[in-house]
Amino acid sequence: MNYSQRSMGEINGADVTEFTFTNNSGMSFSSMNYGCIITKIIVPDKEGNKENVVLGFETLEEYRENKGPYLGAIVGRVAGRIKEGKFELNGKEYRLNTNTPPNHLHGGNIGWSEVVFASSIVEKDDAIGIRYTYHSPDGEEGYPGNFDLTVDYLLTNDNEIILSYSGKTDKETPVTVTNHSYFNLSGNNKRDILEHELIADVDRFLELREDFIPTGKMIPTNNTPFDFAKGKLLKEGMDNDFEQNRIVGNGYDHPLVFAEDGSHSAILRDRESGREMSLITNQPAVVLYTGNMLEDQYRFNGVIAKKYLGVCLETQGLPDAINHPAFPSVVLKPGEIYQAETKLKFRVME
């Protein structure tokens, strides 16, 4: 196992570096300390061709100029939307920056997706990767408490990438962190993701309003386009007459809730390339987003973007949970440790 690094430039005097890690099987992934962005994941197809399976830009400038997709970045302090950018905690109302008026999204105007992190290489007997750290000050984007965040990305010889997030606070604060990578298992963005198949251990999804804020209602997935128990092509959620698919731009942009007694897992497949990615997490939900808002103003690794070019599987707490007491809590208290982990394993289908 080995690694290399290259300079991507600097932001306000801070060096931005891309790190590339390669395992003994030849799989590699790259990440940079700006936003902990995953820039590339290189894995073989059924013919042995090694290609990139995530959307990415080629330069730091492109990432900074095109912030809207949150391409490959971590998002926080709270991933997802918070209604009207406000919540109450211990009898006090907190108001956050409303970067998608009138709501708050993915941490605010300058969320963790735009931070330059401190970084250090992590080498273990069976894994290699990177550790990113950041101190989020009390009041940042309106959030209470000083929060110390650690992000670990580790690559194993089993073609697995382990994404771990941990942190602590000195005041009660909401926190749920995720990675916003867009996957396209066709390799090098050759095709869209409509023929990708998703199998997921989910039994409910959150109903959304027209502005993507959860209504608070969890709908059983049975007999809906959100039933992935036995597998479903993603195109089945496009251009149908199901209201929840329609309001998010004819596709998916919904939190899928894992079965409480299940494995908290999912599998994404592209049969034409033979690639498969399995996911397992300790988080209660995964936000399925099928790139409904991607448009041709972006160019990903030389390919002009289009709708449905990538799919996100964002493992996290439920969006707007801070305003829904019935949802699993995302509040962290002093003395507690925030710990979230997701494992992504890549293989060629048999």
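Every residue, even glycine, has its Cβ placed from backbone N, Cα and C.
Here TrEMBL flags His180 as active site, proton donor. What TrEMBL lists as active site, proton acceptor is Glu314. Annotation source TrEMBL lists beta-D-galactose binding site at His180, Ser181, Tyr182, Asp253.
With respect to their backbone Cα atoms, the residue listed as 'active site, proton acceptor' and Tyr182 (beta-D-galactose binding site) stand 9 Å from each other. Same-chain neighbours of the beta-D-galactose site beyond His180, Ser181, Tyr182, Asp253, judged by a C-beta within 8 angstroms of the site's C-beta center, are, in sequence order, Pro69, Tyr70, Leu71, Tyr289, Gly291, Gly310, Val311, Cys312, Leu313, Glu314. Secondary structure at Asp253 (beta-D-galactose binding site), taken from DSSP and collapsed to helix, strand or coil, is strand. Take the CB of Glu314 (active site, proton acceptor) and look out to 10 A: across all protein chains shown you find 24 other CB atoms. Counting only same-chain residues six or more apart in sequence, the Cβ atoms lying under 8 angstroms from the Cβ of Asp253 (beta-D-galactose binding site) belong to Leu208, Phe212, Val287, Leu288, Tyr289, Thr290, Asn292.
Packing around His180 (active site, proton donor) is summarised by its Cβ count: 22 other Cβ atoms lie within 10 angstroms of its Cβ, all protein chains included. In the three-state DSSP reading, Ser181 (beta-D-galactose binding site) counts as coil. On its own chain, Tyr182 (beta-D-galactose binding site) has Val54, Leu55, Pro69, Leu71, Gly72, Gly291, Leu309, Gly310, Val311, Cys312 as residues at least 6 apart in sequence with a Cβ closer than 8 Å to its own Cβ.
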